[in-house]
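TrEMBL has this to say about the protein:
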- 109: active site (ACT_SITE)
- 322: active site (ACT_SITE)
- 91-433: domain 'Peptidase A1' (DOMAIN)
- 1-27: signal peptide (SIGNAL)
């Protein structure tokens, strides 16, 4: 019965999307791609050339724990998908808004839905790289009326005092927030090959009062969650409700950037897929983690031989896949099993984590080599190399890039690097394909 209700809610969301989806121009039949910019790379406006790669790794680790708090809070409150993430996103994307198009730099976030940017007249705005978007200069800017279906589809929308204009307010537990007007506007993406791709009547949050710990030069957030106002949901059938990304392993290389692909299918002999688990009202992409293997030694999250169907169902959707978190967080019991297995396997000198955050660190004069760690998602075995599992936090000090999760697990972007990670919202699957992302 619960599964049926989730399916009905999902179909209702699709019907709302079909009313508000915006048409696509200049896109090829095989999809298109844009660049993803790591916030610590030379291409980012927040790039600090004085920081060594080790410090950048430390910064990402700290942001991971900040972001985990957000997911934990949302999970316990049965999130409606209306909270935002602030400083914690790791990758940025560039798009253009309005006519004529104005550049916008936004956090790419699979953990939120709303597309929003700061707008004039600015009552309260944080510092950003590009000039704040001024609607008065755009011929295609249109405020949404309160009674419109698009306004009603927007989570927690309200009306102004004259009951004419559609408004939004979103807050986050760390004190970050954005308040403004919900509008229709032309949205343009700069494809890596070919012409720019434009969409008319995109539903955008135009924030006039915004604050928080935004410090990468971004203007706002581009939400790619599963909710009905996210960018991928609004693109809808124009990109076959598919997107994927490929994250490079070394963000300090100015010549390398990740890629964000629209409409392309992740397939091939080494591609594996796992079903999404839909949770009513949530924006997140939930997957089912069944276990972890270290080499040939399997560590199950639960013992299948003693599990009833009801118990198995309760374990489904126990992990969120997230583009904005560096570390991977495992359910506590499984995490403890992995730590013990690694301790028995790795014959290097144990050292303390310089940040006193991570539990398992070793001293090694060269990049640490460990047996392949396989993450067993339902129907998909994802094999992680050392570069996906151990992070250098100090010269010659390598730490396991995993942590314990109290409530829901997170599959972070460090583990996803050099994989083509594909999301198919029609088939409701997430796919993984090993890829050299610096050449993709």
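Note: Cβ is positioned from N, Cα and C throughout, glycine not excepted.
Cα-Cα distance from residue 109 (active site) to residue 322 (active site): 8 Å (rounded to the nearest whole number).
In this model, the domain 'Peptidase A1' (91-433) carries an average pLDDT of 88. Counted within 10 Å of its Cβ, the other Cβ atoms near residue 322 (active site) come to 27, all protein chains included. Cβ neighbour count for residue 109 (active site): 28 (other Cβ atoms within 10 Å of its Cβ, all protein chains included).
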